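Step one of this worksheet: look at the structure below.
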Amino acid sequence: MARQGVIASMHALALLLGAFAAIPTGVQSIGVCYGVNGDNLPPASDVVQLYQSNGINLLRIYFPDANPLNALSGTSIGLIMDVPNTDLASLASDPSAAAAWVQSNVQASRRSACRYIAVGNEVSGGDTGSILPAMQNLNAALANAGLGGSIKVSTAVQSDVTQGFPPSQGTFSQGYMAPSRQYLQSTGAPLLSNVYPYFSYVGNPAQIDLKYALFTSPGTVVQDGSNAYQNLFDALVDTFVSALEENAGAGNVPVVVSESGWPSAGGDAATAANAQTYNQNLINHVGQGTPKRPGPIETYIFAMFNEDQKTGAESERHFGLFNPDKSPVYPINFS
């Protein structure tokens with residue numbers, strides 16, 4: 001989920017001052033995260049209809065919630081389903097717990113099109129030691145259920161697991177990421193990356209140009225060898241790519257942007273106009289890819305609704321594309 005604190009690491013500070021070029025169309029894979037931290041949200045069946053009516057073909061949920069899973073049954077909407085951070089230790093230590101999790105949450109809802117299982121979201125501290133064994137146990141459970149390879153198992157991380165500038169110098173700053181990236185390479189799973197130019201900007205507005213964060217600057221900001229960076233999103237994604245490529249055995253791991261967004265109220269630069277600009281430009285841009293990884297980037301916007309019960313900074317409650325009554329917070333076009 002979107003974070004309360006600023007996660008702009010030093011490499012993001014340096015991706016500054018700047019400019020940007022025309023944004024192409026042609027997005028193939030745009031999704032939206034579906035959070036439920038609200039007391040006034042519509043029923044899941046209405047939510048799935050809202051996805052379908054807007055042409056949104058990918059969805060992320062943060063725990064195996066039976067209501068959206070049932071509503072998704074029989075649709076073609078692709079799904080990321082999270083394992084809550086609180087469940088990691090048991091899944092890491094007990095293969096039978098992983099088997100039970102798969103049976104209850106994947107096999108029981110097999111008519112929903114689950115693409116990825118995210119083993120934790122932005123896990124920190126000592127819990128990071130549970131990520132790899134939990135992924136291993138879940139993959140084994142999927143294989144035993146006859147689902148090996150059809151559902152990829154990964155984990156969702158934020159930008160502060162990387163460091164380095166320019167993007168070509170990106171490395172992982174957290175020790176648990178080295179074995180994780182090699183495991184992802186061995187299974188063919190992507191790294192799920194939460195990418196927020198918003199947090200980088202609000203943490204360093206004197207050094208990072210708002211236009212660079214919003215995809216609206218007129219020229220190159222960072223020249224990194226032959227790669228020209230015209231927006232902060234590309235620079236942050238390619239820092240992940242470089243960190244994966246640092247190990248020759250993990251250079252082919254795909255990057256899926258599992259969260260990105262901009263709040264419409266409640267914080268610095270959090271306006272409906274900026275949120276509309278960022279999210280519409282993101283939709284239009286990700287079909288192009290980044291300088292290091294041309295081609296469509298599967299990307300999930302955070303979030304579907306403004307959620308009045310989210311904790312933390314006021315802006316956390318204003319990342320939604322839609323109000324709880326299903327009216328748009330601002331116009332957005334997914335086509």
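Just so you know, glycine gets a Cβ as well, placed from its N, Cα and C.
Taken from Swiss-Prot, the feature signal peptide applies to 1-29. Residues or ranges marked as active site, proton donor in Swiss-Prot (evidence: similarity to another entry): Glu122. Residues or ranges marked as active site, nucleophile in Swiss-Prot (evidence: similarity to another entry): Glu259.
According to DSSP, the residue listed as 'active site, nucleophile' is assigned to a strand segment.
Sparsest Cβ environment among the active-site residues Glu122, Glu259 (other Cβ atoms counted within 10 Å): Glu122. Between the CA atoms of the residue listed as 'active site, proton donor' and Glu259 (active site, nucleophile) there is a gap of 11 Å, rounded to the nearest whole number.
Reduced to three states, the DSSP call for Glu122 (active site, proton donor) is coil.
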